[in-house]
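Q: Here it is, the structure in full.
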Amino acid sequence: MRLPAGRHIRSIDAPIVPQSGRADTLDTLANRRLAGPDQEIPISSFADKTFTAPAQIRNFCIIAHIDHGKSTLADRMLQLTGVVDERSMRAQYLDRMDIERERGITIKAQNVRLPWQVSGGEDAGKEFVLHLIDTPGHVDFTYEVSRALEACEGAVLLVDAAQGIEAQTLANLYLALDRDLTIIPVLNKIDLPAADPDRYAGELAHIIGCEPDDVLWVSGKTGEGVARLLDEVVRQVPPPQGQADAPLRAMIFDSVYDIYRGVVTYVRVVDGKITPRERIAMMSTGATHELLEVGIVSPEPKASDGLGVGEVGYLITGVKDVRQSKVGDTVTSARHGAQEALTGYREPKPMVYSGLYPVDGSDYPDLRDALDRLRLNDAALTYEPETSVALGCGFRCGFLGLLHMEITRERLEREFDLDLISTSPNVVYRVIKEDGTEIVVTNPSDWPEGKVRTVYEPVVKTTIIAPSEFIGTIMELCQSRRGELGGMDYLSPERVELRYTMPLGEIIFDFFDSLKSRTRGYASLDYEEAGEQEAQLVKVDILLQGEAVDAFSAIVHKDAAFAYGNKMTTKLKELIPRQQFEVPVQAAIGSKIIARENIRAIRKDVLSKCYGGDITRKRKLLEKQKEGKKRMKTIGRVDVPQEAFVAALSADAAGDKSKK
């Protein structure tokens with residue numbers, strides 16, 4: 001690991017400007033820095049020319065915990081380098097999806113090519129091309145971050161000067177260290193009244209192993225210190241290495257689907273060069289394509305003459321099949337191509353599974369096409385067809401976490417205009433039956449009948465960082481979720497890091513919400529897979545009129561089975577409309593009933609037409625009704641409306657939350 005050295009960065013290179021004057025100040029600064037005395041336009045045009053010498057290129061990304069200001073800092077960099085004019089500028093410029101902008105989070109990593117002219121030091125006045133990749137911060141999108149890091153030589157580690165180091169800060173730091181990237185530590189949001197940069201600079205320096213004076217101070221909101229940061233990127237991040245005269249090798253680090261142009265593939269060129277109209281080959285599949293367009297993103301796509309060593313850009317081949325462009329694959333020339341592929345990415349393993357079903361069964365082909373397209377944009381998504389007795393045809397989908405699941409469903413509904421039902425999320429279990437055969441269960445309906453010998457569930461190593469005053473309540477919560485304490489460290493007298501090993505099934509519902517509520521929102525959580533462990537798990541079936549409804553079945557720990565059964569039977573009693581006959585709602589483990597509620601019958605008034613007369617006439621009508629209800633109860637079916645499914649399944653986690 002290469003640590004920051006050289007000049008101490010404590011003084012700030014620009015005064016803080018008030019909110020109202022921020023845009024003009026940045027615009028003036030950008031024009032002053034990027035326009036020479038004889039130029040009428042900013043020299044951003046030099047970055048539009050490709051085949052830049054590798055010594056003039058710097059590839060870096062911004063990594064941080066969620067909501068520490070990555071996208072806002074990227075906005076200031078876009079303004080400062082002049083690639084976005086004032087009229088086009090908007091907050092979170094690189095966050096292209098509506099969901100990202102509404103929630104204020106980054107989901108997809110975005111790359112952009114920036115021009116920069118260094119203002120001081122031995123490189124003063126020299127022009128450089130910076131490739132910036134803005135990455136997500138949430139634990140569910142760690143795979144996006146790891147792919148972005150593969151395309152870089154350096155990383156800006158951003159920490160909120162008012163909140164300090166959090167769990168995902170450490171997780172992203174370790175990802176960058178694994179790839180031997182240059183780390184530039186930066187404190188953001190120094191303009192906040194609650195900011196304490198001196199304290200958190202010490203924390204950051206302690207973790208990285210540098211001096212507190214080596215930590216840069218910036219404000220993504222006002223633009224303060226951003227120019228100095230870009231100078232430091234040029235000075236500290238090494239240029240890309242590669243052989244210009246070697247056969248072409250380029251790594252696919254992302255791809256998107258464009259409805260008009262087909263698959264758009266984002267690559268980082270490692271060796272050789274790539275030009276339009278040449279034929280390329282994918283080394284994993286051997287498929288060949290003709291390049292229709294090669295270009296750069298600055299920050300809008302711009303066609304170019306090609307890409308050279310170390311450059312990042314996009315390729316368009318006109319291919320419509322989303323499976324032809326696999327993230328992690330190596331692109332080479334169809335003629336005289338490279339013999340050895342680049343090291344690809346580790347395939348992400350889904351940690352949470354859920355069923356997605358169209359409300360209208362005729363939308364099933366549309367759902368399949370939508371998942372195919374989304375799979376190209378989201379390499380971590382997996383899915384396979386499945387059928388449910390209650391919900392019809394759908395897909396069993398694998399996700400990296402609950403937020404990933406929620407975002408995927410929302411994108412399917414918005415971008416492809418689908419109405420969907422999602423079943424309760426659950427994890428992957430390994431079940432050993434009595435006869436020694438082994439099956440993998442991702443769906444409660446796959447759980448074997450009869451006795452099982454052993455069950456293994458996935459476990460994760462969790463890292464929780466919180467104020468030390470909340471240690472007691474955090475430990476109580478983790479122990480109630482079958483967690484085992486692995487260690488505890490004080491980052492400072494006020495902040496503590498707790499490490500637990502916990503079953504993944506215990507944290508995928510409402511663990512994070514419970515953690516936040518117990519710590520007044522101050523705790524942060526990160527987790528990574530840590531193998532599996534033996535567990536006492538059972539399948540709880542929900543029976544309506546004696547028939548199991550597969551959509552409501554769940555795999556839970558033996559100690560929690562009774563609570564789950566009670567919760568679901570009570571909820572369904574409220575949600576399912578009353579019938580002409582009494583309907584028992586039961587929860588069962590195998591043949592043993594553990595909870596029961598009755599949905600009372602609707603009483604039809606058969607005596608309404610009798611205005612008097614003989615009591616035997618009334619008794620005859622009542623006996624006839626009684627016989628009819630008895631017959632209906634034996635042959636009648638209970639139809640559960642779609643609204644009840646949606647309410648029961650979506651409120652599953654919320655029900656847990658309210659009871660704690």
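Cβ coordinates come from backbone N, Cα and C, glycine included.
The following feature annotations were taken from Swiss-Prot:
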- Asp67, His68, Gly69, Lys70, Ser71, Thr72, Asn188, Lys189, Ile190, Asp191: GTP binding site (BINDING)
- 55-241: domain 'tr-type G' (DOMAIN)
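Burial and contacts for the listed features, if you can.
A: For Asn188 (GTP binding site), the same-chain residues lying six or more positions away in sequence with a CB closer than 8 A to its CB are Ala64, His68, Gly69, Thr72, Leu73, Leu158, Val159, Asp160, Ala161, Val218, Ser219, Gly220.
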Q: Which state, by DSSP, holds Ser71 (GTP binding site): helix, strand or coil?
A: helix
Q: Over the residue list Asp67, His68, Gly69, Lys70, Ser71, Thr72, Asn188, Lys189, Ile190, Asp191, recorded for GTP, what is the maximum interresidue Cα distance in Å?
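A: Per the listed residues, the maximum Cα distance equals 17 Å.
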Q: In DSSP terms, helix, strand or coil for Asn188 (GTP binding site)?
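A: Going by the DSSP assignment, Asn188 (GTP binding site) falls within a strand, counted as strand.
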Q: Tell me, how many other CB atoms lie within 10 A of the CB of Asp67 (GTP binding site), whichever protein chain they belong to?
A: 16
Q: For Ile190 (GTP binding site), just count the other CB atoms lying within 10 A of its CB, please.
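A: Counting Cβ neighbours of Ile190 (GTP binding site) within 10 Å gives 23.
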